[in-house]
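The structure under discussion appears below in the form of structure tokens.
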């Protein structure tokens, strides 16, 4: 695993047993949206994505970009405005509707026949499709393959016991020559139960190392006042670029 040169020294906790049995239900995630407890949403978009956008897109046009656990990420419109095709999956219908409303995009909705109770929301322009369903049900629907995956707030939100299954689904969606941008968080997992969950380097290597080249692009101190209520005194975001071996 290559590492970016950085002045930030992050302690790695090899023993993540403390979080391994932590489980959040889909209903709990829906409730977070209803209650407005969405501190993970970034109204201005993700700054590290902006900084490394050229590395991610590599100058290519008309790419298919996948957003796992997309919420109402403003970056979806960034990519659509650049002519790319965006597909996301999100359990909260409220989050999806807020995305289209806040981005002033008209849309349609239709049921997903393969998944009872699920829906897909499509922009009138046709290049944004957001699936409202459990991500782990997604393999039942043929959503095609993707050139790019932007994984921010997804791997860190998946229950730790589901990470292998999650990773298998993500990699099954990739096209040849894919580029997968992954943002994870480092903090002391003995002080905060998650989510977002702590994902150490060793876990990334274990999940992706057999099929992907793993390169750490940057590490950034993202500690804010709100993090004090988590009981932690530091939190570092790491951005990885995963490419096909």
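Numbering starts at 1 and runs along the chain as it is shown here.
Keep in mind that glycine also has a Cβ here, set from the backbone N, Cα and C atoms.
Keep in mind the model is a prediction, meaning the values are calculated, not measured.
Residues or ranges marked as S-adenosyl-L-methionine binding site in Swiss-Prot: 29-40, 69, 90, 152. In this view, residue 40 (substrate binding site) is surrounded by 15 other Cβ atoms within 10 Å of its Cβ, with every protein chain counted.
According to Swiss-Prot, the substrate binding site annotation covers 40, on the basis of similarity to another entry.
Taken from Swiss-Prot, the feature phosphoserine applies to 14, supported by similarity to another entry.
Cβ neighbours of residue 58 (N6-acetyllysine) (same chain, under 8 Å, six or more residues apart in sequence): 179. Positions annotated as N6-acetyllysine by Swiss-Prot, on the basis of similarity to another entry: 58.
You'll find the Cα of residue 29 (S-adenosyl-L-methionine binding site) roughly 12 Å from the Cα of residue 40 (substrate binding site). A distance of 10 Å separates the Cα atom of residue 152 (S-adenosyl-L-methionine binding site) from that of residue 40 (substrate binding site). Under the three-state DSSP scheme, residue 152 (S-adenosyl-L-methionine binding site) falls in the strand class. Its Cβ taken as reference, residue 37 (S-adenosyl-L-methionine binding site) is surrounded by 10 other Cβ atoms within 10 Å in the chains shown.
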